[in-house]
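Everything below concerns the one structure shown next.
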Amino acid sequence: MIILGVDPGLTRCGVGVIEAGEHRRLSFIHVDVVRSSPDITQDLRLLAIYNGLSEKMDRFAPDAVSIERVFAQSNRNTVLGTAQAAGLAMLAAAQRGIPVALHTPTEAKLAITGNGQAQKVQVERMVTRVLNLTKMPTPADAADALALAICHALRPAGALQGGEREQHLTAAQRQWAEAAQNSTRRRKNSDRGM
């Protein structure tokens, strides 16, 4: 299984590609950062990120895309750009019929280091070790993208949807899923005039 990990960002969007073989054997394929210049308009920045992600998906034809789930941060502009980049990754995957999984930073850290509160340098070292790399991937966005791909490969739920996936959710993930379902129901009911 080829897994493409995405660490979303508007200036630097990390992309890491691995292969998960039998017995969870992981192999490095590619790592890169898709960039957009802060000197161009927002629409052109989004287009640059979308085109870069689309090119990677077309080039590597992943079986799954693993994207960092965006959480609120204190810097509104940062979270907006990150959420937009995550949405572009989901769109590019959906257009190609590729299943998408969202993983929190804590999940990725836990999967790769065994510690959900691990520091960035610990994650980078473990990514390097797990994938047998000769040096740490840089910048950090690239290492994070590989960590997300590794997380997806090692998670028992993977990209499963529905009940089987729900067995493996943390309490916070269950609350998030319930809130998303309730929001969807409210929207559908309001569209029907209920």
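Heads up, residue numbers simply count up from 1 along the chain you see.
Glycine too: its Cβ is placed from the backbone N, Cα and C atoms.
Pulled from Swiss-Prot:
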{"type": "ACT_SITE", "residues": "ASP7", "note": "active site"}
{"type": "ACT_SITE", "residues": "GLU68", "note": "active site"}
{"type": "ACT_SITE", "residues": "ASP141", "note": "active site"}
{"type": "BINDING", "residues": "ASP7, ASP141", "note": "Mg(2+) 1 binding site"}
{"type": "BINDING", "residues": "GLU68", "note": "Mg(2+) 2 binding site"}
{"type": "COMPBIAS", "residues": "184-194", "note": "compositional bias 'Basic residues'"}
{"type": "REGION", "residues": "162-194", "note": "region 'Disordered'"}
Active-site residues (ASP7, GLU68, ASP141), the one with most neighbouring Cβ atoms at 10 Å: ASP7
Integer Cα-Cα distance in angstrom, ASP141 (active site) to ASP7 (active site): 6
GLU68 (active site) to ASP7 (active site) - Cα separation in whole Å: 6
